[in-house]
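Following: one structure in structure tokens, then a few remarks.
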């Protein structure tokens, strides 16, 4: 939409100002903006977000704008709070961060340094000093759980005023803005939000329509590429014009364009769209942007190191640049560049590293005092992360003491490693440690299997975090798909998922004919089904006998009720409005597309009809909602709005089943708008479709658990209903209108992040927690086991040839170490099986960096390594493995060496005897000198003393292989990145690093390790 052009629903400049519940004396009346008004039927917003403008024509930055006196001078009465109490107990750096005023602020908060406390106290301080009202504060976190915790903490400090803040995730904030500004954004107010599974299902349809081999080019792969493009704010049209001319890029370009078109037809957005479309809304509509610049005067962003490019641009758009008569908002970001570990999700560390460049004059405050871990743990973490080049120096410290030494164990195999971990956990529990105080981390999920098996054998309670999530289970997805289809009948993915689930006689052929019919007329899949239903005379079908409450009891149509909300008074007044009263006439159109104005048109690209070329894109057809809003209703035929013949070739039996299916959805849609609770609608769906009965009759024992899961979903729906009924006013960060509609419930479900489902302190009290290190981010445990500390496992093998990825792996190790509060175990396996093949694994290079004075070594080397070094003794160790007859036992968790540490007394030895002492009648031909962690064997290196490079089974490569000679301008091929051009060379010989551009994306690759071929 061209800048400055206000869409329907906005009012002219002389219209009443936007009501924000601010007192009249909060802002001088002459400065209240009058250009902006939300759409007439936008969701209500009772959160009291006051508007502000330049007082007295003051120009300049935010500090000058506030004049040091804050908004209290304009009549805002701050909460009666003693600010000295807010500042009590803060260290000097925390204090400075809380009271800072004016220029943008970066709080570089090391792990465990109290960043949440600083953030909440800063917000409370803003409120207590009158520098801001709660409605002017936007705080962005990365999880709903963190948002709720922040809101509660601020409320504890300043009282109920904190409930008026907007504290939410990036995606929740964007949903709220888009729902309110849906017309300006070119959306329907009830758009569906697709999760990753929904997106991949839609992409599978797209790829099949282009005859793409989805086994080679999987929907998951293409979805990831499209997600990367959206995170860079690259539109389908722009990518089509700039994409490299290689097979995968051509496929992605065609798929992206078609995928975008189908999302619009389905009245749906994927997660990346939420931010991309909000950025576009603010950029293309100055009046809307100015409104939010006035509304949000203090913006605080947590976990800034995890933001991607799109989120970075969104923050800048919300802060503003002062060009629209509103000074930039005060910006505070909190993060730690050493904990940036989500590059695979599009996060870019440059956002935090270059904050001062992006915001000239910004101030940075370092938080280095740690309140979580012991000094030994922090010393190890500092040592590991210090090896990353170009990082801002930061050294964590604590005054809580050195604590226990870090335990290192080198096992023979992954099974042996699991035995050690499980036996040690069992011993800790015998000594009084709660199961819930212990966590086991691993680099990849595949590593958990052997540990889980032993937990089961030993009867140790545990939970795996990050497995199949509740909302991804098939039965839950099926139930939610029904609800999505009711809330948004244009939702192609939801409709095709449940069209014949459970079986109702609609086969694959009938579905294909419906798809072809929809494609032929440029309509949504839902409209194709609605056509069948209308031609059949709108039967009640599976809804036979269903009573629709309230004013809509006798209405059977899909007009505005198809997807849009009815005004509250139309439903609650019981006026008995019929279908004709709810719609407006539409000009009859020719066979094919309806001739209503397109409300969703944007500068969408023209998708390729096939991979061989492109054809012009038809103008997007009206959604079911849009067509219904302007449809004649004098007869079933006229109600279709256009004369379409219906899908040809579908059997009468299938047509009847399709009509009955849509009749149920239509009736339940009216129930939703008439006020039926979400729980009751879910019950009707499960009962009337026969879904629940089919599971109950099943003899499959898993179906019993599926029934339980559906019961849990019903409980979630009932909890939602209860929270809606109990709400006197919506809290900041919550859905804008707590009226209990399906669309609100589904929005809340769709925005549940993975980390929102992590165990709480109470929830994990009786179970050991197993999770990947990525999942552990933000958590802490008294005792932590980090397993798989081998090159090729942690760091991951694919990172070994790429400088940036190896740096991220080091940050990941830093995160893993700093999750531990009291005790830390680092374990590795000399041999690990992959694809059924044992592979010898060298110790992780991260172990080399840890100072020996903070480590206690149980086993410095595996039995294989001791044989090579001459240390092997008869009876020394763990029974059958050659470690001694006594094997594992539950005793001895200290330096007694109860787990068979075989190293002799020395720098890595323990202080006690080894189980099965390891003594022999003869002496070794040469003394064993355990490997210093700093001299461990690397991938591609042998243990030979002549320095010749041998071959490692783990790497499958040899370091005596000549390093590829490259120069700037050379064309190379990479096994996974494709074809690229060398744009720079750094280092020499084995340390040669090539900077290579792959389709505009630059990578730094260690030449001797990267799978490169010179072209």
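The backbone N, Cα and C atoms fix where each Cβ goes, glycine too.
Just so you know, TrEMBL annotations are computer predictions that nobody has curated.
Annotation comment: TrEMBL describes 1-23 (among others) as region 'Disordered'.
Annotation source TrEMBL lists domain 'UvrD-like helicase ATP-binding' at 88-374.
Taken from TrEMBL, the feature ATP binding site applies to 109, 110, 111, 112, 113, 114, 115, 116. Residue density at residue 115 (ATP binding site): 21 other Cβ atoms are found within 10 A of its Cβ, drawing on all protein chains shown.
According to TrEMBL, the domain 'UvrD-like helicase C-terminal' annotation covers 375-778.
Look at TrEMBL and you will find 560-614 (among others) tagged as region 'Disordered'.
The feature compositional bias 'Polar residues' is assigned by TrEMBL to 593-603.
Positions annotated as region 'Disordered' by TrEMBL: 629-648 (among others).
Here TrEMBL flags 860-960 (among others) as region 'Disordered'.
Taken from TrEMBL, the feature compositional bias 'Gly residues' covers 876-895.
For 916-925 (among others), the entry in TrEMBL reads compositional bias 'Low complexity'.
The feature compositional bias 'Low complexity' is assigned by TrEMBL to 942-959 (among others).
Least crowded of the binding-site residues (113, 116), judged by neighbouring Cβ atoms within 10 Å of its own Cβ: 116. Its Cβ taken as reference, residue 114 (ATP binding site) is surrounded by 21 other Cβ atoms within 10 Å in the chains shown. Around the Cβ of residue 109 (ATP binding site), the same chain contributes 115, 118, 334, 335, 336, 367, each under 8 angstroms and 6 or more positions distant in sequence.
Residue 110 (ATP binding site) falls outside any helix or strand according to DSSP and counts as coil.
Annotation: 110 carries the greatest number of neighbouring Cβ atoms among the binding-site residues 110, 112 [cut-off 10 Å, Cβ to Cβ].
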